[in-house]
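Trainee: Below, the features straight out of TrEMBL:
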- Cys4: active site, nucleophile (ACT_SITE)
- Lys614: active site, for Fru-6P isomerization activity (ACT_SITE)
- 4-222: domain 'Glutamine amidotransferase type-2' (DOMAIN)
- 291-430: domain 'SIS' (DOMAIN)
- 464-609: domain 'SIS' (DOMAIN)
Amino acid sequence: MTACGKPLEVCMQGLGRLEYRGYDSAGVALAAPGMDLVAVRKKAGRLDNLKADLARSPLPDATVGIGHTRWATNGEPSDTNAHPHVSADGKIAIIHNGIIENASKLKMDLQSEGYVFSSGTDTEVAAKLLGKVANTIIEETGKPDLFEALRRVARMLTGAFTILAVDCRQPDIVVGARHDSPLVVGLGEGENFLGSDVAAFVAYTKHAMEIGQDQAVCISGDQVIVTDFNGNPVKDSKRFTVDWDASAAEKGGWPSFMDKEIHEDPEAVANTLLGRFDDQGDIVLDEVHIGLDVFRQVDKIIVVACGTASYAGMVAKYAIEHWVRIPVEVELAHEFRYRDPILTPRTLVVAISQSGETMDTLMALRHAREQGSRVLAICNTQGASIPRESDAVLYTHAGPEIAVASTKAFVAQIVAAYLLGLYLAQVKGTMYRDEIRHILEQLKDMPQKIQWVLDNQAGNVEQAAKQMVSAHSFLFLGRHVGYPVALEGALKLKEIAYTFTEGFAAGELKHGPIALVDAGEPVVVIVPSARGRNILHNKVISGIEEVKARGAFTIAVAELGDPDVEQYADVVFWRPVCPTLLSPLVDVVPLQLFAMDMAMLKGYDVDKPRNLAKSVTVE
Ligand code: F6R
């Protein structure tokens, strides 16, 4: 991943910053003039295992290096299956993200030629193949050409891959190739870097360059060459400056990244609103390069996303349908493609993704574009694949999110989707300007309301977590915008506290789920405000009464001073008064804290839950 004077140090710090992307094993490979073989070290488990091993027996000095943290797709986590993998002659080492779909066939071919494999990974197949092709080139031309060898191999692979390689015969370069998997270049002075995310090198340089689909790159200390897989030069690679500092991706005194990031919820909302208005207070979405005429004609929105991002989309559906009066469908990205969705040039597909690399979402947006629809990405990561492949992007400015469980990105995604909804209302004239401005003013008040929850409800939440720490399961209920919030609260608890949790629409209770309620069963209920049209409030309160009558222990998220809630709920997490459509921005906060407290009380690593990785770059 780096061609500079201190490759091991750069790799190890980069892996530390990227460990959230995968943490079941880690490894490095180095090359330097005079080495007969690449120097490789790899270890199963967290990065600390590798660090300890390197401290016990250091690797030699080097000029280039590559490093990898793994989330197993192919072969269980072990020292052997960890990356880097080496060529048969040990001269080349590679690291790989993605899944090589024709690996079995290639492996059989290589085995029939006498190649022997020690791991169960597709990556080792690519390593052996690269070694073979590199040697063929030496036979053909009399000199090594790792860049050309990797391009040839890239043309032979199917599936998804980013591959980086070093060769001890060319110890001044690192080469890379990408197809359906991320890769960015860091442009330093006298040193250059490659990473699957800018976080890998942001401590060294904020100047970055995108590598496009089916492109290959060769970096040395003073040069970066980009070509397509056939070797044709690529001259127009997009450059950008990373808009956050390395310190933003550090814990900065917080016990965990998740704790830090929940406390950044207010800032994430404020920053996502920043710079999106002109002097008259109208919304201007500068990064959105879709013409006004196209927006005016949009007659349906389909949100494609996964997990937390899809729940942000579900929240936005309530608001956008209300404001713009066009249907909004929210679809899990991995389901979308396979059901022959109805897409027309007037459909706006909104792809929501924190990482911008979720393969399911990327595939969904490609499908939408193939069908002639416009795609707008709501994304938190500059230069990522999803914004790059979309027609337009609206960045959430939540700053880097490191904890695997998404928190501040969720509130920022809601705000960005709301801005899009209000923009459409402005362009299509479905709302009066005053109305839009009024909502924008209310949105601008939300950071301080979230802050109020953080300042005044955290103790309450911690207390409830202590009380509930041994509970085996939870139910989360909500209606209207409270429904996706219930789903999100449930997801947080599942993924970091490993507790069986079901979130559902409160109205469904009596259609089945109430059978789950037994004495002591904890039920978390998002209660809408009793102000204004209070039908929903009363119905949700009835739901609380019903589960209470069956012995449930109830936790309510409710508006300050709600008298009914005080009467029926065992515990209340209070929300300050705010408009119903904006309430998800505050209601999710105690649920994020609750999941974190539960996980901490159980002694789990809240930032790196088992079996998960931050960016799901495989389908
Ligand atoms: C849950 C979580 C995941 C992600 C999902 C989509 O806390 O983080 O459910 O929301 O994997 O990821 P992005 O937003 O990166 O596309």
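All positions are counted from 1 along the displayed chain.
For all residues, glycine too, the Cβ spot is worked out from N, Cα and C.
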Trainee: Sort Lys614 (active site, for Fru-6P isomerization activity) into helix, strand or coil using the DSSP assignment.
Mentor: coil
Trainee: Please work out the mean pLDDT for the residues of the domain 'SIS' (464-609).
Mentor: 94
Trainee: When DSSP states are grouped into helix, strand and coil, how many residues of the domain 'SIS' (291-430) land in each?
Mentor: 69 helix, 28 strand, 43 coil
Trainee: Under the DSSP assignment, what numbers of helix, strand and coil residues are found in the domain 'SIS' (464-609)?
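Mentor: Split by secondary structure, the domain 'SIS' (464-609) comes out as 73 helix, 29 strand, 44 coil.
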